[in-house]
Amino acid sequence: MVEAQKWTRRMSNPRLDTAATADDHVLDIPTTPTAEVRNGIYTFGSHLTPNLLTAVIIASWFMSNTGVLLLNKYLLSFYGYRYPIFLTMLHMLSCASYSYIAINFLEIVPKQHILSKKQFFKIFALCAIFCFSVVCGNTSLRYIPVSFNQAIGATTPFFTAIFAFIITCKMESVKVYFALLPVVFGIVLATNSEPLFNLFGFLVCIGSTAGRALKSVVQGILLTNEAEKLHSMNLLLYMAPMAALILLPFSLYNEGNVARITLEKAKTDSFIILLLIGNATVAYLVNLTNFLVTKHTSALTLQVLGNAKAALAAIVSVMVFRNPVTVTGVTGFAVTIMGIVLYSEAKKRSKITTY
């Protein structure tokens, strides 16, 4: 952008310069408009202040993360659509389609390519862990309330610390491990007092949480080479179709021909199609808003918001689905969230002292 400038027009005769200064004519040159203004093009959020734009993005993040949980719970437990593997496969197909559009046409991030077979198999390994985690998470929603699901999911740092020690022999400081004690104690309280406790739902939710932690540790190991590192949106672009291919045979074997069942159901209840498309779209928006929040704030902010989201999703689910809760259960959840906050603070201080 060219700033406004002032030009002074003087007489051409140098001998008359002194006299001319009294009659100088100042011409104001207006600011050169940007290409967007000249062409009438405005990008998303261009008319918003930075603070307002960040607030809108964070609000969208909360709505998409809470929305996908509630929609999954409604579909799997209340609507009677008992096909968690197929539902997860629809999520992956949606993420693959929307990611292709966002990167190749909207160009929200530069496109990166898989450079070697070695890199491909690394991504495939991450994808397998990712599939396990997401399917277990969706399956658990059939059997346990969203509030209990979120309480268990909040223990992810505990499993991350365990896998980091087992796989990489990485030791954290004593304060970091000490901060994990409230996380474990809180979930024990919540489990013992959960009115709608289901052992299978509890175990698959633990599996989902452990899978999410394992993926983060393995990703840090496999994609350490700078040339092999992919942006989160590019990683989703490649992982999503792989995940759909992995899930397809499992869905056919365990759930049957769900596509045919869904189409048959749609003949008498067309709402199912709208519900599935909306659910799959919101699943992609979770990933998109994760990226936008990190871009406009920081990874630490995203972690803090994750703690708040768990509490918000639990409260909203109780209000929507009316599942019973106990004082002890709420206390256990609060202790777990407090432990996560202490853990985050201890990790941050540990990094500062290391440097």
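In case you wondered, yes, glycine gets a Cβ from its N, Cα and C as well.
A quick note: this is a predicted structure, and the numbers were derived from the prediction, not measured.
What TrEMBL records for this protein:
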DOMAIN    55-344  domain 'Sugar phosphate transporter'
TRANSMEM  52-71  transmembrane segment
TRANSMEM  83-108  transmembrane segment
TRANSMEM  120-141  transmembrane segment
TRANSMEM  147-167  transmembrane segment
TRANSMEM  174-190  transmembrane segment
TRANSMEM  235-252  transmembrane segment
TRANSMEM  272-293  transmembrane segment
TRANSMEM  327-344  transmembrane segment
Taking pairs 6 or more apart in sequence, does the count of Cβ pairs under 8 Å between the transmembrane segment (174-190) and the transmembrane segment (52-71) hit 3 or more?
no
Stretch among 83-108, 120-141, 235-252 sharing the most Cβ pairs under 8 Å with the transmembrane segment (147-167)
120-141
State the non-local partners of the transmembrane segment (83-108) in its own chain: residues 6+ outside its ends, Cβ under 8 Å from one of its Cβ atoms.
72, 75-76, 131, 134-135, 138-139, 141-142, 233-234, 236-237, 240-241, 243-244, 247-248, 250-251, 254-255, 258-259, 261, 276, 279-281, 283-284, 287-288, 291
Residues from the same chain, set at least six apart from the ends of the transmembrane segment (120-141), whose C-beta lies under 8 A from its own:
69, 72-73, 76-77, 84-85, 87-88, 91, 114, 149, 152-153, 201-202, 204-205, 207-212, 214-215, 218-219, 222-223, 228, 230, 235, 238-239, 242-243, 246-247, 250
The domain 'Sugar phosphate transporter' (55-344): mean pLDDT?
91
